[in-house]
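**Student:** Let me give you the structure first, and then I'll get to my questions.
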Protein chains: 2
Amino acid sequence: MFSGAQISLYPMADDFVGVILLALGALDPYRDRLRIETDDISTLLVGPPEVLFPAMRDLFVAAARSGEHVTFSAAISRGCPGEPDEAICNTSALADPLEPLAARQAAAHAAVASAAETGQAIAAQFSLYVMGTGQHMDEIYGCIDFLKGSCVFDRSKHFCSVLRGDAGPVFATLAEAFCRFGPPEGHVTIDLTVSANSPTAR
Amino acid sequence: MFSGAQISLYPMADDFVGVILLALGALDPYRDRLRIETDDISTLLVGPPEVLFPAMRDLFVAAARSGEHVTFSAAISRGCPGEPDEAICNTSALADPLEPLAARQAAAHAAVASAAETGQAIAAQFSLYVMGTGQHMDEIYGCIDFLKGSCVFDRSKHFCSVLRGDAGPVFATLAEAFCRFGPPEGHVTIDLTVSANSPTAR
């Protein structure tokens, strides 16, 4: 299995480089469990979901604490048929596909309920894509049902769902959406946008 | 059919609001052919691909001309089974699925070759997702073949492809990738990141 994300951090400030450099320290506790490569467009994180989502959360929270309006964009992927198997991606976080949707939704809710708060309020907007199956919408609707029951669900929009709340349960909800829906050997992706300190009224 | 995009423009500058407001004028020529709704995370554009891609190009180019480091993020979608049919999305831009891949690739190259230049250099990174079919990778590999032959192809990265060059042929290449691959009645999405004026060396 291969899993990871192409991520970008966007501070809306003249000193965007300073904000990014300061936030990067938040990745230090994860560096031995991730492969990290940076270029001018994005940073690649390769690793399992249980490392990936906490690392993205801590990076974004560190940037948001600058007080600047910051956003974060990620293309998160697992099981892409074009990618190699990589040992660093070994994971036990993916749900058993034989488990009924209702049981997977209950486990997802329990995981979100136990997520620690960070003290940082954020908004997140994302689309879940499940590929290589004729029934991809069953899994997506199952995930949307879970989201609507989540304490951080805000609303559905065209093409995506919006979460709002503390970064802890928001990123936990994203991780559960990614891991509990779509087969473990399947090709599942998330297109994610996260925002904090926006001056725009909701 | 329903098609459109959730888009966000990110100027890395203290005056990010000013840059965004100035760039928004570039959407004026398209407003009668798009439905547009804005909130604090993104702006929804609903309309056919032949309007959507030029509108996104002109918006981004206008922002890039500020000289600031600006990026643009879009979740572009057509044929999502959960969305309603909408007359404003009627299009003749989608390829005939009975046409062989080679013919569709040739038509895509011709369209890119005829794209007008804008004078603005950009980089674009994107993933194409084709859902609801067991053979989704055939269409994705067919698209990647087209991309590799495009004058603006830069390189493949994990999960995505990178284009570099003038915004005219780059956005034309994105539109061709979106319209010529995956069935016209299918669920096809693009996760797109565009960047200009980055201070990071490549």
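All residue numbers here begin at 1 and follow the chain in the order shown.
A Cβ is built for glycine as well, from the same backbone N, Cα and C atoms used for every other residue.
Keep in mind that this is a model prediction, so the values were computed, not measured.
Per TrEMBL, the features are:
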BINDING   A:L9, A:T43  thiamine binding site
DOMAIN    A:4-83  domain 'Thiamin/hydroxymethyl pyrimidine-binding YkoF putative'
DOMAIN    A:123-200  domain 'Thiamin/hydroxymethyl pyrimidine-binding YkoF putative'
**Student:** Under 8 Å Cβ to Cβ from A:L9 (thiamine binding site), same chain, six or more residues apart: give me those in sequence order, or none if nothing qualifies.
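**Tutor:** When sequence neighbours closer than 6 are ignored, A:L9 (thiamine binding site) has A:V19, A:I20, A:A23, A:L59, A:F60, A:A63, A:V70, A:T71, A:F72 within Cβ distance under 8 Å.
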**Student:** Suppose we draw a 10 Å sphere around the Cβ of A:T43 (thiamine binding site). How many other Cβ atoms does it contain, all chains included?
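**Tutor:** I count 18 other Cβ atoms within 10 Å of it.
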**Student:** How do the residues of the domain 'Thiamin/hydroxymethyl pyrimidine-binding YkoF putative' (A:123-200) split into helix, strand and coil according to DSSP?
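**Tutor:** Per-class counts: 27 helix, 31 strand, 20 coil.
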